[in-house]
Amino acid sequence: MKVELKILNKELIKELPGYATEGSAAIDLRACISESIYLKSGECKLVATGIAINIANPNYAAMILPRSGLGHKKGLVLGNGTGLIDSDYQGELMVSCFNRSQETIEIEPLMRFAQLVIVPVVQANFEIVEDFSQQSVRATGGFGHTGV
């Protein structure tokens, strides 16, 4: 599938985004910043990526996810859990970074700090009803209803 990628900051030409291996599901996003950003414990900041994408197909979206190693080893996760990029958004990709560790985290210029994956989506046709046409076995069982 073709997704247009626009380089907004020429510094990124040194480190173009791409898949690390043939089996990679996501591309790494780099911090497109001129100097290091320091995140104190519990702090959240937006970090620029220097790129924009044009998915242009409403059957797909992009998701920004944390990099596993940084989240597990350093405590660098996303401030909003997951970043959802709609197919018609064409602005710069920004990443909300949150430090869940007790130590200050440094995000260095051009550091790989998040990842982007393209996923299929379905736009549902919602029908307003008084009652559901069928009741599931679970019905209204909510949080913890199947055990902890």
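Every residue gets a Cβ built from N, Cα and C, even glycine.
Quick look at what Swiss-Prot annotates:
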BINDING   Arg67, Ser68, Gly69, Asn80, Leu84, Ile85, Asp86, Met94  substrate binding site
Among Leu84, Ile85, Met94, the binding-site residues in question, whose Cβ has the most other Cβ atoms within 10 Å in this structure?
Ile85
Local backbone state of Arg67 (substrate binding site), from DSSP in three classes:
coil
List the residues of the same chain that sit at least 6 positions away from Asn80 (substrate binding site) in sequence and have their Cβ under 8 Å from its Cβ, in sequence order, or write 'none'.
Ser96
Cβ density check for Gly69 (substrate binding site), other Cβ within 10 Å (all protein chains) comes to 10
